[in-house]
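To start, the structure under review is shown below, and the notes come after it.
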Amino acid sequence: MEVFYYVVFGALAAVVAGLELGKSGKDRVATTSAFNSFKNNYVLVYSLMMSGDWLQGPYVYYLYRQYGFDKGDIGRLFIAGFGSSMLFGTIVGSLADKQGRKRACITYCISYILSCITKHSPEYKILMIGRILGGIATSLLFSAFESWLVAEHNKRAFDPQWLSITFSKAIFLGNGLVAIVSGLFANLLAENLGFGPVAPFDAAACFLAIGMAIIMSSWSENYGDPSESKDLMAQFKVAAKAIASDEKIALLGAIQSLFEGSMYTFVFLWTPALSPNEEDIPHGFIFATFMLSSMLGSSIASRLLARKLKVEGYMQIVFSISAVTLVLPVVTNFLVPASSVKGGGISFGGSLQLLGFCTFEACVGIFWPSIMKMRSQYIPEEARSTIMNFFRIPLNLFVCVVLYNVNAFPITVMFGMCSIFLFMAAILQRRLMVVSDLHKSSTKAQEMIGEDEPLNP
C-alpha cells in the first residue's frame, strides 16, 4: 500500500489525539454518576449498532461487483434500500412512537441481521430482499435510538444541556473510533485473512446480536404519545401538522434532507471517483481514514457544544465548506490530466480528491451531534420518530433519483449537484437561525409583558 495513505491517516490521527488530550475545563461539563452510567450504556449500545452498519460499508459495492453485477444493477440494489427506507420509514417511525422505542430498536437488530444473512446468496432477488430489510433497519437506526435517548434522558430529569455530551460521545465513538476499527477489521477479514467480502457481514450480524441482548436486558420502554385513541394515520397527521405549522421544523427537515442526500450519494460515488481507471485502492483503509476524519469533526463539535456556541451559526460555515469539498472532483476533472494507465496506484487527481473527501467527512462528523442537538430542541416529543422519518422521505427520494440515473450522467455532474444542495443547506441554515432568534425574542417579550401586568384583585 502506498505511503500516501499512511501519511494522511497518521496526520489525521495526530490531530484528533491532540484535540482530545488538549481539552481544557471550558471543553468539559460537570455531570453526575447516574448520568454517566446512563450515557455509557447508551454509547455502548449505539457503538455496537453502528459497528454492525460500518462493517458492511466498505464491501457492499465490492461484493455486488464480485457477484458479477454492473454499475446499473448495483444502482438498482441501492435504490431498493433507499426506496424501502422512504416507503416504510414513516410507518416504522410511527410504530416506534406508538408501540415503543425499545421494541423498535430490537426490530432494527433483527431486520439488519436478516439483511446480513442474504449477502451469502449471489441471487439478485435475494440480495434485493436484503436491501429492502436494510432500508427498514436504516430508518430505525436514525430515528428510534435517538428518540429513545431523548425521552429517557428527559424522563430521568437530567440536565437538558447534557444531551449534547451523549450525542458527541456517541458520534465520536460510534461514527468515529468504532467505524475506523470496523473498516480495518473488515479489511482484515476480507483481504488479509482471505475470508472474502461476505465475512464482514457475518461479523456485523454478531455485533448486532450482542447489542440486542444488552437492549433487552438493560433498557426500559418509552413512547411518544401512548394514548389509545391515536392510530397510525393520526400519528401521520400530528407529524405533518407540526412540520407545516412550525417553520423551524420544516427548515430543519429540509437541511437534513439536503445534507444527508448528498452524503449518501457520496457513499456510492467515492469508490468510482478515486479509481476511474480501475486503480488499485485499499477500500477498507480509505474507509477507515474517512471515519478518522469524521472522528475529528465530532471532536470539534464536542468543543463547540461544550462552549455553548450557537449551533445554527457555526453550521452555516460547515455546510459551505462541505459544498466546496464536493465540487473538488469537478475542478480536478478539468484542471488535472487523467491517468491513461489502467490499474496501478491512485493518481494525483485522486490524491487531491481524497484530501477533499476527508474534509467532507470531518464536516459529517460535526453535522451529526449538531443536527441531533437541533432536533432535540425543535421536534415535539409526542411524534419524534415519525417526524424524523418524514424528514428522510425527500432525502431517500433524492438518492433514488440519483442512483436510477447513475449511468445517464457523468460522475462530475452528480458531485456538482451535491455541492449545489449543500450550498442550499447553508442558506436554509441561515434562515433557521433568523427564525429561531425571532421566536426567542418574541417569547421573551411576551414573558416580560406577563410579568409587568398587575395582579387581579
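The backbone N, Cα and C atoms fix where each Cβ goes, glycine too.
What TrEMBL records for 6-22 (among others) is transmembrane segment. Counting only same-chain residues 6+ beyond the ends of the transmembrane segment (6-22), those with a CB under 8 A from a CB of the stretch are 285, 288-289, 292-293, 295-296, 299-300, 303, 354-355, 358.
The transmembrane segment annotation in TrEMBL covers 43-62 (among others).
Beyond the transmembrane segment (74-96), the same-chain residues lying 6 or more positions past its ends with a Cβ under 8 Å from any Cβ of the stretch are 61, 64-65, 103-104, 107, 124, 127-128, 131-136, 138-140, 143-144, 147, 224, 232, 235-236, 239, 264, 268, 383, 385-390, 392-393, 396-397, 399-400, 403-404, 406-407. Taken from TrEMBL, the feature transmembrane segment applies to 74-96 (among others).
For 129-150 (among others), the entry in TrEMBL reads transmembrane segment. Within its own chain, the transmembrane segment (129-150) is flanked in space by residues 42, 45-46, 49, 53, 77-78, 80-86, 88-89, 92-93, 96-97, 101-102, 104-105, 107-108, 111-112, 114-119, 163, 166, 219, 222, 224, 372, 375-376, 381, 384-385, 388-389, 392, which lie at least six positions past its ends and keep a Cβ under 8 Å from the stretch.
The transmembrane segment annotation in TrEMBL covers 170-189 (among others).
According to TrEMBL, the feature transmembrane segment maps to 201-219 (among others).
TrEMBL lists 284-305 (among others) with the feature transmembrane segment.
What TrEMBL records for 317-336 (among others) is transmembrane segment.
Positions annotated as transmembrane segment by TrEMBL: 348-368 (among others). If you look at the transmembrane segment (348-368), the same-chain residues 6 or more away from its ends with a CB under 8 A from one of its CBs are 4, 8, 12, 167, 171, 175-176, 259, 263, 266, 270, 273-276, 279, 281, 286, 289-291, 293-301, 304, 314-315, 318-319, 321-322, 325-326, 328-329, 332-333, 336-339.
Residues or ranges marked as transmembrane segment by TrEMBL: 389-405 (among others). Same-chain neighbours of the transmembrane segment (389-405): 75-76, 78-79, 82-83, 85-86, 89-90, 92-94, 139, 142-143, 239-240, 243, 252-254, 256-258, 260-261, 264-265, 268, 414, 417, 421, counting only residues six or more beyond its ends whose CB sits under 8 Å from a CB of the stretch.
Outside the transmembrane segment (317-336), and at least 6 residues removed from its termini, the chain residues within Cβ reach (under 8 Å) are 255, 259, 262, 266, 273, 347-349, 352-353, 356-357, 359-360, 363-364, 366-367, 370, 411-412, 415-416, 418-420, 422-423, 425-426, 429.
Long-range neighbours of the transmembrane segment (284-305) within the same chain, counting only residues 6 or more positions beyond its ends whose Cβ lies under 8 Å from a Cβ of the stretch, are 1, 5, 8-9, 12-13, 15-16, 19-20, 23, 27, 54, 57-59, 164-165, 167-169, 171-172, 175-177, 179-184, 186-188, 190-191, 270, 274, 311, 314, 354, 357-370, 373.
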